[in-house]
Amino acid sequence: MEQNATAVELSGITKRFPGIVANDGISFKLRKGEIHALLGENGAGKSTLMNILFGLYQPDEGEIRVNGMPTVIDGPSKAIELGIGMVHQHFKLVQPFTVAENIVLGSEPSKGGVINLKQANEKVKRLSEQYRLQVDPNMRIEDITVGMQQRVEILKTLYRGADILIFDEPTAVLTVQEIEELLEILRSLAAEGKSIIIITHKLKEVMALSNSVTVIRRGKVVGTVETKSTNERALAELMVGRSVSLQTEKSRREVGKVIFAAKDLQMKSNQNKLVLNGVSLEIRAGEILGIAGVDGNGQSELVQAITGMVKLSGGQVSINGKDITNQSPRQTGLAGISHIPEDRHKHGLVLDFTLSENVVLGNYFQKPFNNGGFLKYEEMDKLAHKLTTEFDVRSSGIHTHARSLSGGNQQKAIIARELWRNPSLLIAVQPTRGLDIGAIEYVQQRLRQARDEGKAILLISFELDELFELSDRIAVMYEGRIVGEVDPLNRDNQRLGMLMAGDTNA
Amino acid sequence: MESPEKQYNKALGKGIKIFTKSSSLVPIVAIILGLITGALVMLAGGYNPLVAYGALFGKLIESPYDIGETIRAITPLIFTGLSVAFAFRTGLFNIGAEGQFVMGMLGATLIGVKLDLPWFIHAPLAMVGGAVLGGIWAGIVGYLKAKRGVNEVISSIMMNWIGLYFANYVIGTWLSEKGQQKSNEVHESASWSIGWLSEMMDHARMHGGTIVALICVFLFYILLWKTKQGYELRAVGLNPDAAHYAGMNVGRTVVKSMFIAGAFAGLGGAFEVLGVFGYQTISSASPGYGFDGIAVSLLGGNTPVGILLAAILFGGLTYGSGGMSFEADVPTEVVRIVIGAIIFFIASHGIVRMVMKPFSFRRNKPTDGSKEASRT
């Protein structure tokens, strides 16, 4: 009986932003005690819908019922009052405060204006035991792992008495083990009678975790199904709107001459430690070289060295036979290196520039964009039009700020720009991180296409599946060295694992 | 083809949009709230605010002389407002416009007093001298930031004092007669005064600097939004990391930006010497135009037209305060309270929006301001 009671019901929710309908008549029902996945591509409108439920946005049309009662949620405090809690993708925690201080923040147990920290610690302890969410109340946020920070966020909502929990892409920032732990936590929360909405685009998690799934595409609900009566492929097709290939054919390919060569690269860190310790690489035309390895073994430094962001202390880098060792980023760019950076917000785009200003970020000083010191906006607009059409970058126009685009569209814009520059060598670092299936498929297809056109590609990724999927060769990095190569056509996980752990005998 | 009526409506809609966009409505409401605050203070002090404000605004247009002097008071604020805003657009907070202004005065005084050249060389040279000295003064701050990571707020405040005392020293040692508290007069050939216009305005101190200020407002726009250099400056201001990735030299851009900002302030100082006073005094405190420039850029939203309008408001209020104290016997300091209150309300959008709420009918506003698709 409890199982069928409705915790939240949204009916006919519509939310418009200038030039875009983010939610178009969405109806959605969350039963008590269930885990309901909200599945959709980036920019489909999942987060907007949940922000409406949490009171951050007001819907233009539609009705919200919580526990059967029609309500207007005009702010997060109203949502909290109704027992709705949200765990955001980017945590909202005070770094120098302790776990307990963060949890009680806003409703501290106090006496005469003085916070009773002892009582706070005890409350937090009790709560963490009740829900088996392991945290140390006395640790500072800045000293604990990302997984534990997330548990603190969950405890924060529980402390405020939330019965309905919204999780926005909760696994995006976690390691493999942490994801396992989180899934366990969510299951036990549901068993305790909490109703849970999880926003995601990862099909594996949907299948492993949820009771039912609502799929959103371009602001509309395209289907609500019971998880046990569906499968990954069906969901993927529902989400993207067409059939998708989750696996591609691979074969050995012919490659051309050496485009890029790095010899014995050495780089010292600020602590005078060798972060690159004799890396040598060659990439040929029409070849994707993948770099595998645990994060922090010199991958970022390798990219910084090649692009000229940071100076090498030894070694030589050359492209098309031309020495570009320790040249500036401008010069390496002109020599034929394009770069899809790992952090697209920090390094890839100027978020408060328009799309047409962003597409010339690396070329604004050249003709036809620069005409005797003056910018030609018509030329920039023309290019922006061409690239956004060609790469299907969805926005409300080329004069929109890059900030207002979804992550997938931002990434597409960067890839469009970097490929348009017609590089000899394309460096792609985690090119599909945080993207949904549709966008991942698209990005990977574009990279393959660039390879087939004869470009040399250096791919750095922490997703092993992606490396095996795309690469023609895979080199493994460990502590600033290349410790070995594996053949992507004969995947040997055991040998790869040993190499990644630095065992060169493998 | 759209019908004329439709086109008209469209244009009208656009016009309304400009005035109802919260970005331009907030400053207007802030100004009104600031004036009300001033009125409350006057009431508390037993003055009649209506009479006082009447006297203040009446003063601005009382006579040709007053109109001219109001323009004179506005001119330096345009320069310092541009200075602060320019640095701000590159992600720098230039608190040092004050010192750059003083150095601009010094540069103009040096060239105006020490050299004797034909007017068509001397006057422009003295102007450029002020701009360059102001630019260098700010450039030092930029250099320290780029090379050593010194926070520009701290260093530019210190440079204000160094600039003031350095100027005092130079004037006292080389540019004045013994015992005098001011420099010698600049040569007539270096002067930017417009004699016939002053004559027409009852001897108000009219000078060419006002026209240069208007040209600078235009230049500010062209430089930032139309040139390659401006693209670099804005990119560095908005996201230095991405700018570096894109191959821009962030350090050099910071120095350039500060130099240009300082040159704007320096120009303001130069015209105070070349157009208004004809000499520079040894003073224990700097004139304050640089600090008011911060207020001007803030109220003007760091946009060229906004800065011009804000400078007109603050310059007008400052000059009109004289009339207010003369006619209504209200202390001139009340105007400083008004200006302070305006800045306070600008800085606290929330209060202004709360006041505006009952007056605005429901619109589908973007929740995120960045969704506004515009270049400026």
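Going from the start of the chain as shown, residues are counted 1 onward.
Including glycine, each Cβ sits where the backbone N, Cα and C put it.
TrEMBL assigns the feature transmembrane segment to residues B:95-113, out of the candidate ranges B:95-113, B:152-170. With pairs at least 6 apart in sequence, the transmembrane segment (B:206-224) and the transmembrane segment (B:25-50) have fewer than 3 Cβ pairs within the 8 Å limit; the two do not touch. The transmembrane segment (B:258-279) shares more Cβ pairs under 8 Å with B:95-113 than with any other stretch in the list B:70-88, B:95-113, B:206-224, B:334-356. Taking every listed stretch (B:70-88, B:95-113, B:334-356) in turn, the largest tally of C-beta pairs under 8 A with the transmembrane segment (B:206-224) is reached by B:70-88.
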